[in-house]
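> Sending over a structure as structure tokens; questions will come in a sec.
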Amino acid sequence: MESEQLYHRGYCRNSYNSIASASSDEELLDGAGVIMDFHTTEDDNLLDGDAASPGSNYAMSNGGGAPSSTTHLLDFLEEPIPGVGTYDDFHTIDWVREKCKDRERHRKINSKKKESAWEFTKSLYDAWSGWLVVTLTGLASGALAGLIDIAADWMNDLKEGVCLSAMWFNHEQCCWTSNETTFAERDKCPQWKSWAELILGQAEGPGSYIMNYFMYIYWALSFAFLAVCLVKVFAPYACGSGIPEIKTILSGFIIRGYLGKWTLMIKTITLVLAVASGLSLGKEGPLVHVACCCGNIFSYLFPKYSKNEAKKREVLSAASAAGVSVAFGAPIGGVLFSLEEVSYYFPLKTLWRSFFAALVAAFVLRSINPFGNSRLVLFYVEYHTPWYLFELIPFILLGVFGGLWGAFFIRANIAWCRRRKSTRFGKYPVLEVILVAAITAVFAFPNPYTRQNTSELIKELFTDCGPLESSQLCQYRSQMNGSKAFSDNPNRPAGPGVYAAMWQLCLALVFKIIMTIFTFGLKVPSGLFIPSMAIGAIAGRIVGIAMEQLAYYHHDWFLFKEWCEVGADCITPGLYAMVGAAACLGGVTRMTVSLVVIVFELTGGLEYIVPLMAAVMTSKWVGDAFGREGIYESHIRLNGYPFLDAKEEFTHTTLAREVMRPRRSDPPLAVLTQDDLTVEELQATINETSYNGFPVIVSKESQRLVGFALRRDITIAIENARRKQEGIMLNSRVYFTQHAPTLPADSPRPLKLRSILDMSPFTVTDHTPMEIVVDIFRKLGLRQCLVTHNGIVLGIITKKNILEHLEELKQHTEPLAASWYYHKKRYPASHGSNGKPRSRVHHVQLIRSFQDGRGGGGDDSEEEEVHLLDGSNL
């Protein structure tokens, strides 16, 4: 009966996890997010300053001095308390508790829906609220993506000139209605004026080139400066890609304001500015952040999601799918991206809603038609030439290049970002953005392949040469004039334009590689998808042209003679560019299935899946040989976010007793006894320690585990008892049992706290392998569990301890990021983070003596001692 009452009060198994890991770890705001430090001894610094906060969803009961007075108990849980089920900033949600809350809410709605028509309507609204919120998210994501695409194209062309007939037209739109364009110079029309023509009155000559050069740099610096200033002043969370933080949030961490309305507004504006500035970045990654902001904002319209953090993360998973859908025009790829890359909890109904959100977002973007080509993306291409078996060799080589590029980029970018954080240079984000933008503009303008928009560059590299193409990459030598040369002589020699383009592409490749390393991580919205694809597309186009010329000049070789038919195109350079783009993006992000589907949806060809799969898997294998983490996981580690990656695999050789706190050099674990503490002693324990919660044991002699009580619950229970009932004094007895202990007649009224006691905390024995412990934390979303020995509590393992343990294992194999406690000021083990000595209250400690005098191992010959409160050993 009692357990049923506790359940209906919203208190379920493992409910203490709701406040655990609430850290006062020094929040180091870095503009790109919050650098969290999770290296703590014991569960210290949890909920600092939070114990007296109003609101709790737990309660307490007061009892009289004898069992007969239990009818006078006042159970404060019967009264709703503000703040029930909420979490503070930088807390980890309790997945188990949130699921219990949702089941109780669903059960309550189902029990009432037959009472009246209104209750039935409410049940229908609750059932359809999930589809409504993803519909609104898809609509908003598609509309914002279309707006961003249109504005970015217009502002990017603004660096080169302006349309006199209509200021709001970009270069391409300005010349649509012109009758004076030619086939060779289709982008030149009288309506479009360059800055040199407007200022100097001349379109050619050295003076015109210098003026255009100057205006290009001026606009690039203006856009970059405005973007970084808006981010710094109004929304520091709007910078960066956002995907590392989205992954962390979806794993259960809370970062208030990261998905708020200000972040959405500023990120939308500054993303346009950052792309238009010409920096080596893309808008595809930040579009996922924008879509998740929409999902978070709309979720507050529905109580089903606004009051349940776990349910809200289902909406965010669907929103991330919508973001990728509008970024690449790939709805199915967006769903797979959400499943493979960002989501931590992905039930089947979330899969359906993610698919629907991606569908709605793609439909809205298609209706807006931002590129004017009736496609969802700018670089949509279709190939009509099949690939041949011998081409798998260059495709695999492109995969090797992509894996090497990915490994190099991750190490170089993380090293630069770490240096930025540890030096004075990182204190001047505006100056850094201006400097990088200036260098990018100065070196990008002379090369036409770096001057143009990166998406347009990828489009040109993907496009196969045909009779309607006037690109320099298609200037082949031919004995015939006109389009007939392309159809009658498919294997054609490269002309001077192709060779010049090859040199320019090689320089563009080096430029893109260098600038992308220094650009990703700036305090402006910066995506990595498009720059990585551009690098791979450049390398792939170069390899494709080389293979094409090799097939032309050596057509009698066995490979070409066997596979290339006479009169048919044998090599398609654009296909190599597409495969190279997929390989490089896969090497950086380590995506596989979702990446192949995204690129497949870009091209619309089924027969190119095998080359894509070969290149992407090769890039992943090569990249994993240098480190298993992708760029987003590496940035999560660098920023110190509490993220347990389910993809990581380790050979654990330790046991729970070697990872738990306290350790041998730490102060013993603070515990509470179930019926012999006074209010004064309990308050002293809370005030003199900074632990999040306390194990409750039977007595000092027995030390058997009874349950777990949260610090916040105890504090609020005492305050409510003093405010609502008389007779609670400092010397009042506190008990966690069902019945009050026998007390003298003149004793003050005791305080019953059994209602706030979690009587079924997750526990493991001290001999439990850490492999099992880590899996429990990953799969159940725990934040702490108790370690026992024959029912005697020995210590506690928190999520921070798990992260520290995994970090130690990584340091032996892959020293990539700084230590978890890199930014933290250390204090002796006997002192808290505030520098004050810790108190030694009722405690239990596991002592181990080693024959070799060293820790670790867990050998069977090790001698164990459990020190009891009375000084005896077990």
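Placed from the backbone N, Cα and C atoms, the Cβ positions cover glycine too.
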> According to TrEMBL, which of these ranges is transmembrane segment: 358-379, 534-555?
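From TrEMBL, the annotated transmembrane segment range turns out to be 534-555.
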> Do the transmembrane segment (315-339) and the transmembrane segment (286-303) share at least 3 Cβ pairs under 8 Å, sequence separation 6 or more?
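These two stretches do touch.
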> What does DSSP give as the helix, strand and coil breakdown of the domain 'CBS' (757-814)?
26 helix, 18 strand, 14 coil
> Look at every Cβ pair spanning the transmembrane segment (430-449) and the transmembrane segment (575-600), keep those 6 or more apart in sequence, and say whether at least 3 of them are under 8 Å.
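Contact between the transmembrane segment (575-600) and the transmembrane segment (430-449): absent, because fewer than 3 Cβ pairs are under 8 Å.
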> Under 8 Å, at least 3 Cβ pairs, sequence separation 6 or more: does that hold for the transmembrane segment (128-148) versus the transmembrane segment (258-279)?
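Yes; at least 3 Cβ pairs under 8 Å.
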> Just to be sure I understand, if DSSP states are collapsed into helix, strand and coil, how many residues of the domain 'CBS' (660-726) fall in each?
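Its residues divide into 24 helix, 19 strand, 24 coil.
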> Where, among 388-410, 501-522, 534-555, do we find the most CB pairs under 8 A to the transmembrane segment (575-600)?
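Top-ranked stretch among 388-410, 501-522, 534-555: 388-410.
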